[in-house]
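Over in TrEMBL, the protein carries these features:
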type	residues	note
DOMAIN	20-170	domain 'MARVEL'
TRANSMEM	26-48	transmembrane segment
TRANSMEM	68-90	transmembrane segment
TRANSMEM	102-126	transmembrane segment
TRANSMEM	146-166	transmembrane segment
REGION	226-246	region 'Disordered'
Amino acid sequence: MEAGAFGAGKAGTDFNPVEFVQRPQVILRLLNILFSIIVFGSISSKGWTFENPKEVCLYYSDANACNYGVGIGVIAFLAAAVLLAGEYFFPQMSSVKTRRHFVLADLAFSGFWSFLYGVGFIYLASQWTKSENKPAALAAGNNLRAAIAFSFFSIFTWAGSSFFAYQRYRQGAESAFATAYETGMGGPGGATTPGSTGGYTSFPGMGTTADPVGGNMAGVGGGYQGPPFSSAARPGTIGDYQPPTY
């Protein structure tokens, strides 16, 4: 596929589903969706129990721990789904500015969510080690440990998404500052690469009757005009000065 701005194919190219699924960015998006479902699903289904008749979080009875895990999981699921849709529409974005905004948003969010998952992993693991061996905690132990484990895995998948977004941003920034010769932007009136058409154009008016340099004496373009001071006699003068002889 022919490369375009920010590493994507040029707008209007045909969609290839096999190539789309094999992209590293798409694979990481799918993993982010899967891991987020495991994190918030495990805590939502098995992270709470009823005691007198109050609902208590099994992470050391810390409701904030359960809410934090569910919160980052749900938001990560929604964001990963939106970014996955963005990956589909990214090659079809004809505006370079729109692509740049998408890449910057991906870079910022993925890096920030990797950090939040790191905080969540430490928080949930710390609270789980303090939890008492209650029957409810023992019964839901696999789910709660799975939430902790996949919070840890999500650190690296979101960090990987941020890394690929940074690579895209660098590629787009480098292409934006490249010269016309480096990018091969050949054509009429521009610099060209070897084998391309076009060339440098002259200044407007060169070779016309309005051009005092490019025009010739007859008023048609293209010739060299003599210097303004010549040895020809001018009207109203005797002629060239002749030194006296002694």
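The backbone N, Cα and C atoms fix where each Cβ goes, and this holds for glycine too.
These figures come from a predicted structure and were not determined experimentally.
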Spatial neighbours of the transmembrane segment (146-166) far in sequence, C-beta under 8 Å, 6+ residues away: 24-25, 28-29, 31-32, 35-36, 38-39, 42-43, 47, 69, 72, 76, 83, 103-104, 106-107, 110-111, 113-114, 117-118, 120-121, 124-125, 128
Confidence summary for the domain 'MARVEL' (20-170), mean pLDDT rounded: 93
